[in-house]
Ligand SMILES: *Cc1c(COP(=O)(O)O)cnc(C)c1O
């Protein structure tokens, strides 16, 4: 019997001969511990492999997809743009998709954000925000400000600057000798709150600790960078919006910038278009990517204020210009796709529908609170997470090397569902086009997967 040229096995074998994958110990695939799944097409919330098997995309293909795979409306806009203008140098030249996208982003974000700088992925947006904040203070005569404050458990990407302000050991530890040393403020993460403390009380206590840090270090600090409301890669840890209100006030009081990394939580994920809205605050820098193009194209944007922009605006020889250039800055295809994404938010009741889906998800997950190996079930809009523990009372986690989450992943694959736990945290972040029935399938498969993962 010959294996067909386009079978899963053939494509996987060819892949493993040359391709090196992200966030992957290739040995897992090389030794057959984890299958390499070749996807040939997608439709709605589903991915289809080379042999026609379907997988419900419970993680929006790494949190990027909003309106389904191969969404026809976005695909048509992309095709139209590709036949018109695919790319043009973005220094000295501009184009309507970028102009309109900047106008739209300014319109939908908090009022003080008036200036838009494009890059082409989330980590690069973080690099831009860090450099811009540092350079702002330098241009204002405060070159002594060179440090950043990040939260424990934070994740802001994996280029060296972005990784510097990240605190997930898995990604950071190995490369630590190459990185800047940020100041870490304890996360307001409600799961790590004191027994009996409400999330608002945890937020208040953590603000007190941030104040202490600022009292000591504000003079050398450019900015505080946070993921508003949900620390995603750090385990979908969630916190009370009061923290953002207090953070805004502290940043003003101590003259440091507030950088909001909305790369994962932006574009409706937490129930509002942007997570910052739930605290009614405006950051000095807002970083956007992932959902910005509904999962179609790599693109990111950093929004900032006129006040920041003006610190760079000077006669050429003053040498104050912001310097950060990517070849594909403001790529017209990506900008056009982002515009279509925003048009869908305008034309369709996306957030309203998400509220119903989120309520459905909450109902289905509620019984897991009683589960003996579940310490926490938490949710912020279209992000929900279940924290598995070895011991419910002490909240002792399963040792990482037991790879319990991987068992849930493998169970999901066998049953046509893509769930990709972060360590012991089983989470749900489906595309917004998911149906109630599909959510049921996600949750049922996750529960079966959890049972398998905790057995022995
Ligand atoms: C994914 C992510 C990033 C990095 O974006 P990439 O496009 O993967 O480089 C930064 N911050 C947050 C909060 C993210 O979730």
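Glycine too: its Cβ is placed from the backbone N, Cα and C atoms.
Database features, via TrEMBL:
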BINDING   62, 155, 290, 325, 420  substrate binding site
BINDING   122, 123, 261, 326, 327  pyridoxal 5'-phosphate binding site
MOD_RES   290  N6-(pyridoxal phosphate)lysine
Under a threshold of 6 Å between Cβ and any atom of ligand 1, which of the binding-site residues 62, 122, 123, 325 are retained?
122, 123
Using C-alpha atoms, which one of the binding-site residues 122, 261, 326, 327 comes nearest to residue 290 (substrate binding site)?
122
Using the residues the record lists for substrate (62, 155, 290, 325, 420), what whole-number Å value is the largest Cα to Cα distance?
34
Please report how many Å separate the Cα atom of residue 155 (substrate binding site) from that of residue 261 (pyridoxal 5'-phosphate binding site), as a whole number.
9
Distance, residue 62 (substrate binding site) to residue 327 (pyridoxal 5'-phosphate binding site) (CA atoms, angstrom):
24
At the Cα level, what's the spacing in Å between residue 420 (substrate binding site) and residue 122 (pyridoxal 5'-phosphate binding site), rounded?
20
In angstrom units, rounded to an integer, how far apart are the Cα atoms of residue 123 (pyridoxal 5'-phosphate binding site) and residue 325 (substrate binding site)?
14
Tertiary neighbours of residue 261 (pyridoxal 5'-phosphate binding site) (same chain, Cβ under 8 Å, six or more apart):
126, 129, 156, 225, 226, 227, 228, 287
For residue 290 (substrate binding site), the three-state class that DSSP assigns:
helix
Identify which of the binding-site residues 290, 326, 420 has its Cβ surrounded by the largest number of other Cβ atoms within 10 Å, counting every protein chain shown.
290
Three states by DSSP: which one describes residue 122 (pyridoxal 5'-phosphate binding site)?
helix
Inter-residue C-alpha distance, residue 122 (pyridoxal 5'-phosphate binding site) and residue 62 (substrate binding site) (nearest angstrom):
12
Residues near residue 62 (substrate binding site) in space but at least six apart in sequence (CB under 8 A):
290
Can you count the other CB atoms that lie within 10 A of the CB of residue 325 (substrate binding site)?
10
Residues 122, 123, 261, 326, 327 binding pyridoxal 5'-phosphate per the record - widest CA separation, whole Å:
23
